[in-house]
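Beneath this line is the structure, given in structure tokens, with notes to follow.
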């Protein structure tokens, strides 16, 4: 099994570590590749788009000709996990909590609408225990950093993680077939359950 991590920005090496740890725990002979060129997208079984700054990642992915090929691969069925900025890139609709509609180049492959910086800027980062459908009943310690929220979903997309925030129910994790979008950063914990879920339930399905 070969899983790529888009390597332009964000928690790239944290995801590499968590994938290797997950492979070990699952007894899988797997390889993790950092992807920065179009040719590195071939022969992958899955890819993670890490957090960071979504506009920067999108622009770099477009300049290196990775964006279009990655879009094609995902549409063809390549399993993908988008984390924070990665979830923004997957979304078909994106607005910013402060500036409104954004014009950044997106993959636009998942039937979700995302609001950037939904919970505020850096000072409003927080951690929260959440229970995720399809995982197990044990809470997952979710780390939110300038996080987006999934404000709308349609088609085959289903929410798998919902939190209460300011008296409202907010979707922070969703899945649509081969696509997994997360508002929070699972790579910033020692808990590999989400990475293992991506490997076992989405890639190996």
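Every residue, even glycine, has its Cβ placed from backbone N, Cα and C.
If you look up Swiss-Prot, you'll see 52, 53, 54, 116, 145, 146 marked as L-glutamine binding site. Counting every protein chain shown, the Cβ of residue 53 (L-glutamine binding site) has 16 other Cβ atoms within 10 Å.
The active site, nucleophile annotation in Swiss-Prot covers 84 and is backed by sequence analysis. Residue 84 (active site, nucleophile) falls outside any helix or strand according to DSSP and counts as coil.
With a cut-off of 8 Å between CB atoms and residues at least 6 apart in sequence, the same chain places 11, 51, 83, 84, 142, 143, 144, 145 near residue 185 (active site, charge relay system), listed in sequence order. Among the features that Swiss-Prot reports, active site, charge relay system is placed at 185 (among others), with the record citing sequence analysis.
Sequence annotations record features per position, and here Swiss-Prot assigns active site, charge relay system to 187 (among others). Secondary structure from DSSP puts residue 187 (active site, charge relay system) in a helix. If you draw a 10 Å sphere around the CB of residue 187 (active site, charge relay system), it holds 27 other CB atoms from the protein chains shown.
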Requested in this report: Let me know how many other Cβ atoms fall within 10 Å of the Cβ of residue 84 (active site, nucleophile).
Outcome: 28
Report task. Would you kindly give the Cα-Cα distance separating residue 187 (active site, charge relay system) and residue 52 (L-glutamine binding site), rounded to the nearest Å? Result -> 12
**Report entry** Neighbouring C-beta atoms (10 Å sphere around the C-beta of residue 116 (L-glutamine binding site))
**Finding:** 23
